[in-house]
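So the structure is just underneath, and the comments pick up after that.
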Amino acid sequence: MECLYYFLGFLLLAARLPLDAAKRFHDVLGNERPSAYMREHNQLNGWSSDENDWNEKLYPVWKRGDMRWKNSWKGGRVQAVLTSDSPALVGSNITFAVNLIFPRCQKEDANGNIVYEKNCRNEAGLSADPYVYNWTAWSEDSDGENGTGQSHHNVFPDGKPFPHHPGWRRWNFIYVFHTLGQYFQKLGRCSVRVSVNTANVTLGPQLMEVTVYRRHGRAYVPIAQVKDVYVVTDQIPVFVTMFQKNDRNSSDETFLKDLPIMFDVLIHDPSHFLNYSTINYKWSFGDNTGLFVSTNHTVNHTYVLNGTFSLNLTVKAAAPGPCPPPPPPPRPSKPTPSLATTLKSYDSNTPGPAGDNPLELSRIPDENCQINRYGHFQATITIVEGILEVNIIQMTDVLMPVPWPESSLIDFVVTCQGSIPTEVCTIISDPTCEITQNTVCSPVDVDEMCLLTVRRTFNGSGTYCVNLTLGDDTSLALTSTLISVPDRDPASPLRMANSALISVGCLAIFVTVISLLVYKKHKEYNPIENSPGNVVRSKGLSVFLNRAKAVFFPGNQEKDPLLKNQEFKGVS
């Protein structure tokens, strides 16, 4: 009898050993074990419990630090990158994306095989074999041996067969997602996406873990593991962007007085969960202007005082949500009994059949219940003085002396409103204002009237776009204009005037020289003692003209001055 007990104990032990040796999903995918409450209340649609058995024969399990990881991929290690569009409003879908990054010079081709990139050299140099992994050939060999596409190794770790959708043989990576005590298996290529509905997910941060396997003949080899934290919230994720026309830096939340600020509300809703919801925006700008309620996601507001203000925004949306439990049916009214009767009836009270209450039959749960969800945003805004406006009131062409240079100088007379600028910048571009040709910035010293002249150089004639900016520590004010610079041809009015002045000057100098020469000759060949006074006075002008004629026309006169003297004597 004692031997029989030993034999039965041995059989029980032998039967128990395979159960103890078999791994489960939670043993492979993570050490964090959710509580029984979380397992019960976080049921994800299409996911399975991690209490299921893991097929370790097809999908070997390697711990971190195992030396086999170094040889899991030819040419290096594969890195998996896990991202999500978290945070997610409870009830909406959250999407996870996994992308595989291969070693240098490797990529996935159109057939799902891993090949070397052309003309790419890695540490091992150029490879004669174009394939890193030729899974197409492996798949054909496997089908040839089995004679059918239904193979015992085309299954997931829990034994479920691969879905045979078109092109499934080109998908050679197996992704196992694990969160909240549940797992999801997916066959894919070098990148996959998985969406999860968060209606039953506990609020707060949660952990998603992913293990990636690759084909290896008739089995699979782990190549990467990755994890990431995602957040499920009952608050609408809200972001607000603020923009002001002349604000120098919108990220510092410092803005200008007397200029409108545009507030734009961005709701993080990548799954479009709130597309059919009515959304209300309630604003409090903190400047005693009261509350402003709108259904538009953009609003403008102008602060008229300097200082610091607290901005508050509340977003309200009616979103699909769980229906509240029906209220308990009202008890039928009865005459008020005595205390002893009450105690007796309480002890013997038993619930009656549900059909006795006609109200219970009409209480059918509404499947389209809605619940109000709220989102909040707060910011502290500083309002300061700034340059509000800038205008170009006059443009003047600066006249240059001869020789005329190739460039032109233009003076811009500029006025501004608001604070006093400390610098001026001009950007000279083509007529479309897209191709910048020149940028000049310089400090300025402006009086309280804010009137200044900016001189800029233009290289050559043509039409230019001029952007002129006045700035200080907190603001930038911009104005633009188109200017046409004329061609500087030699026949310009100023050039002609200068040429005329030069010609007149040269003529005056020439006449002066001739007059001096004539005067010198007249003094040398007109003896005073031999000429009577009356003749000199009456004939002086004739003599002067004759002598000038002799100088200009020497061929028609006698060359001997003695003959001239004799002639004048004969006349007298």
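Just so it is clear, glycine is given a Cβ too, placed from its N, Cα and C backbone atoms.
Taken straight from Swiss-Prot:
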{"type": "SIGNAL", "residues": "1-22", "note": "signal peptide"}
{"type": "TOPO_DOM", "residues": "23-498", "note": "topological domain 'Extracellular'"}
{"type": "CARBOHYD", "residues": "Asn93", "note": "N-linked glycosylation site"}
{"type": "CARBOHYD", "residues": "Asn134", "note": "N-linked glycosylation site"}
{"type": "CARBOHYD", "residues": "Asn146", "note": "N-linked glycosylation site"}
{"type": "CARBOHYD", "residues": "Asn200", "note": "N-linked glycosylation site"}
{"type": "DOMAIN", "residues": "240-327", "note": "domain 'PKD'"}
{"type": "CARBOHYD", "residues": "Asn249", "note": "N-linked glycosylation site"}
{"type": "CARBOHYD", "residues": "Asn275", "note": "N-linked glycosylation site"}
{"type": "CARBOHYD", "residues": "Asn296", "note": "N-linked glycosylation site"}
{"type": "CARBOHYD", "residues": "Asn300", "note": "N-linked glycosylation site"}
{"type": "CARBOHYD", "residues": "Asn306", "note": "N-linked glycosylation site"}
{"type": "CARBOHYD", "residues": "Asn312", "note": "N-linked glycosylation site"}
{"type": "REGION", "residues": "320-362", "note": "region 'Disordered'"}
{"type": "COMPBIAS", "residues": "321-335", "note": "compositional bias 'Pro residues'"}
{"type": "COMPBIAS", "residues": "338-351", "note": "compositional bias 'Polar residues'"}
{"type": "CARBOHYD", "residues": "Asn459", "note": "N-linked glycosylation site"}
{"type": "CARBOHYD", "residues": "Asn467", "note": "N-linked glycosylation site"}
{"type": "TRANSMEM", "residues": "499-519", "note": "transmembrane segment"}
Cα of Asn312 (N-linked glycosylation site) to Cα of Asn300 (N-linked glycosylation site), in Å and rounded, measures 14
DSSP, reduced to three states, assigns Asn467 (N-linked glycosylation site) to strand
Across the domain 'PKD' (240-327), the model's average pLDDT, rounded to a whole number, is 93
Argmin Cα dist to Asn200 (N-linked glycosylation site) over the glycosylation sites Asn134, Asn249, Asn300, Asn306, Asn459 returns Asn300
The correct three-state DSSP answer for Asn312 (N-linked glycosylation site) is strand
Asn93 (N-linked glycosylation site), Cβ-centred 10 Å count of other Cβ atoms over all protein chains shown, is 16
Asn275 (N-linked glycosylation site) sits from Asn93 (N-linked glycosylation site) (Cα to Cα, rounded, in Å) at a distance of 13
Closest by Cα to Asn459 (N-linked glycosylation site), out of the glycosylation sites Asn134, Asn300, Asn467, is Asn467
By a three-class reduction of DSSP, Asn296 (N-linked glycosylation site) is assigned coil
When each of the glycosylation sites Asn249, Asn275 is scored by other CB atoms within 10 A, the minimum falls on Asn275
Going by C-beta under 8 A and a gap of 6 or more residues, the same-chain neighbours of Asn296 (N-linked glycosylation site) are Tyr281
Taking DSSP helix as H, G and I and strand as E and B, the domain 'PKD' (240-327) has 3 helix, 46 strand, 39 coil
Most isolated by CB count within 10 A, of the glycosylation sites Asn200, Asn312, is Asn312
